[in-house]
Amino acid sequence: MVPTGQVAEKQACEEPRQDRELKSWRCLVFYLCFFGFMAQLRPGESFITPYLLQQNFTIEQVTNEIIPVLPYSHLAVLVPIFLLTDYLRYKPILILQCLSFMCVWLLLLLGTSVVHMQLMEVFYSVTMAARIAYSSYIFSLVRPSRYQRMASYSRAAVLLGVFTSSVLGQVLWPLEQKSQNSNMLNYISLGFIIFSLGLSLFLKRPKHSLFFNRSALVHKALPCELDQMHPGPGRPEPGKLERVLGSCRNSFLVCMLSELVGNLRQPQLRLWCLWWVFNSAGYYLIVYYVHVLWSIDKNLNYNGAVDAASTLLSAITSFSAGFVKIRWALWSKLVIASVIAIQAGLVFCMYMVHYVTWVHKIWVLYMTYVLFRGAYQFLVPIATFQIASSLSKELCALVFGINTFLATALKTAITLVVSDKRGLGLKVEKQFCIYSVYFMVLSVICFVGAVLDGVRYCRRGRHQPLPLPQELSPLENSVQVPSMQDGGLGGLQPSAPQLLPEDGVEDSEASLRAEAKA
């Protein structure tokens, strides 16, 4: 037994250390949240398209030559940024993001040709790919027990930053028009970006990351090493090539991929991954081109207010999704089909409004976009939960990275065919007609799948118990879901993902945790 005096002395030594750790953690949380808030303050972002049209770029140039560069370059930089984020341990990528934003606004201020604006889109694609660094970085500095709180704080900071930026832009836009200074919003945005760059230089760089700089590797002899130490009778000593192949087969990434292939047999995982890929591609095409669609009324511009309203509604719908409690094994496809059908109807309204004269077109476009974005954000935390509920933290990062890449590839292919002048080069109104058909086809496919699931359940599934209804609660899920079997990952426990999809305001594991916390 330990003497009482030694126990008291040990506790007395631990208390100051715990106090210092708590104080350090609070300071770190505040600084990260402040950086996340300031990094979103770009009041000119909602008005980039009107600014380009004021600089004598035509709608055709913006639609068919400038904007299509964004998905192309995003696809090109996505994988390198994804890997470098982990290899360089996050902080350098956050600095790169700020530098890329500086290049974006410098090109907006100084550029005069289509080539300059296309280069601006290339730098903007780097900032989009680099958003993954912030969402991963915040979880590498704290203990797992603090993940949920960190996620809620950081997510709230980002949402508040986007909302504030949109409102500020809307307030300053009329002043810019009256002052005849078309660059005022761009200069203010550049100032905020430079300040964010200064903040990023003082961020603490973590010692470990998810894949390349792991903190707790399983140190065990590989099969080829065991064969070399104790070769069997009559077996030749393995050569260099065989040892290299053995190391590759037993590498962490290969083990993760083999584990992922096994997990893809789960119907719910496949379903929500497919939703992520196909719906995200259509969603971001709408986001890219909706500002061009709004340019039909040059005398009325409430882009900032609409972005603020859509951000607020997205936060509300994402939060409300946390209270949905149904049997997802039975109703997932029906829920997805219903939401996508709503999206299809809203996009079709955006298209049809150009052919009617009895409504104020711009207000209908504003309202349908706000509702469209809110509908998409309703399913994001549900999809995040369904994907994360049976995967480890590392596998979640890999799955979301693959989903984002596939969605970007699909988005790029559609852009090449529909928008690019080397393809069909359609006007923006015709593009929205095609996008509405795209969403309608997805909805019909999901409805058919839901009907087939219902028929199977009625015929032979009544005696088979379905999984109980689940709320979107990662804390409960971490207790209910059993740990993964030994498949090369050392029995990693399921956890929510660290890496996010491309939209820094939206698709994230952090939003799931924040909403569950709320």
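A Cβ is built for glycine as well, from the same backbone N, Cα and C atoms used for every other residue.
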Topological domain name match (Swiss-Prot): GLN61 vs GLY423, membrane: yes
Candidate set ASN56, ASN213, annotation N-linked glycosylation site, source Swiss-Prot, matching residue: ASN56
Chain residues in Cβ proximity to the transmembrane segment (330-350) (below 8 Å; excluding those fewer than six residues from its ends, i.e. six or more beyond): 268, 271-272, 275, 279, 282-283, 286, 290, 293, 364-365, 368-369, 371-372, 375-376, 378-379, 382, 386, 432-433, 435-437, 439-440, 442-444, 446-447, 449-450, 453-454, 457, 466
Cα proximity to ASN56 (N-linked glycosylation site), best match among binding-site residues ILE48, VAL162, GLY282, TYR366: ILE48
Proximity verdict for the transmembrane segment (152-176) and the transmembrane segment (301-323), three or more C-beta pairs under 8 Å: yes
Proximity of the transmembrane segment (267-292) to the transmembrane segment (90-110), 3+ C-beta pairs under 8 angstroms: no
Leading contact stretch, 90-110, 182-200, 354-377, 392-415, 424-448 vs the transmembrane segment (301-323) - CB distance under 8 Å: 354-377
Any contact, the transmembrane segment (63-85) to the transmembrane segment (392-415), with at least 3 Cβ pairs under 8 A: yes
